[in-house]
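Novice: This is the structure I have questions about; it appears just below.
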Amino acid sequence: MRKTFLAGNWKMHYTSAEASIVAKQIATEVKTLNDDFVIMITPPFTALSKVSECIKGSNILLGAQNMSYMESGARTSEISPSMLLEFGVEYVILGHSECRLYLAETDEIINKKIRAGLKHSFKYLILCVGETLDERDSGKTLDVVLSQVKKGLDCVSESDIKRIILAYEPVWAIGTGKTATKEEAEEVHKAIRLEIMKLYSKSASDNIIIQYGGSVNASNIKELMNEPNIDGALIGGASLKAESFLSIINNVR
């Protein structure tokens, strides 16, 4: 049985002090959690150390928003896998649409990051995929998304796919207030799961966690999670306040 995985992506919000306050509020309220339910938050790099201390021993796990595929060297502004592990990071988001857009990350670069991360002790790497509004309107959604899946997972073995989470995040629904309908989201999630079966095996397909991301909130989370191939959510704006993030959590568990 696949776990339910809710991840809060805080993007470029909060100083260390601000992030610590919100992290403490969330950790304090989530006192008990079933084994099949996972909650993660990804503060900015500068807040990782303090947030790690705040959630230590709690039911909240620590993630990072990106990383370099290089271990060290002349890579100004980047952060390596080992640096993240030093802070207690267990999960890393890779290939987010904002990184693809603003940092010009290609499928090939994202694949290098996936392969680099798999050489380290992260529990899971979250590979994000999704189409733009123009691509959806042109009927290219599945072609684009499945291509991103295949390229992102290039050279990833059957054993390593167990450490990959996929997140479908339609670019047109991120930060816009627009959300894919449950039917639209389920169609893509189902196609992704079938693609994993083609690339790997039925077992890999049955077990891989596929999240939805795109203006998720307390009002729409339940209907999204009722779909058979949606296993969780990658949550942006609604995860920034403890109250709204906790409402989402409580509407699911």
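Glycine is treated like the rest: Cβ placed from N, Cα and C.
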Novice: In Swiss-Prot, the substrate site includes N9, W10, K11, G175, G236, G237. Which of S147, S201, S203, S215 does it also list there?
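Specialist: Between S147, S201, S203, S215, Swiss-Prot records just one in the substrate site with N9, W10, K11, G175, G236, G237, namely S215.
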Novice: An 8 Å radius from the center of the N9, W10, K11, G175, S215, G236, G237 Cβ atoms defines the neighbourhood of the substrate site; name the other residues of that chain inside it, in order.
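Specialist: Everything else in range on the chain: I174, I235, A238, S239, L240.
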Novice: I'm trying to understand the geometry here, so how far is the Cα atom of G175 (substrate binding site) from the Cα atom of H96 (active site, electrophile), in Å to the nearest whole number?
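Specialist: So the Cα of H96 (active site, electrophile) lies 13 Å away from that of G175 (substrate binding site).
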Novice: Fewest other C-beta atoms within 10 angstroms of its own C-beta: which of the binding-site residues G175, G236, G237 fits that?
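Specialist: Across G175, G236, G237, these binding-site residues, the one with fewest Cβ atoms within 10 Å is G175.
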Novice: For G237 (substrate binding site), which of the three DSSP-derived states applies: helix, strand, or coil?
Specialist: helix
Novice: Hey, of the binding-site residues listed (N9, S215), which one tops the CB count within 10 A?
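Specialist: Counting Cβ neighbours within 10 Å, the top one is N9.
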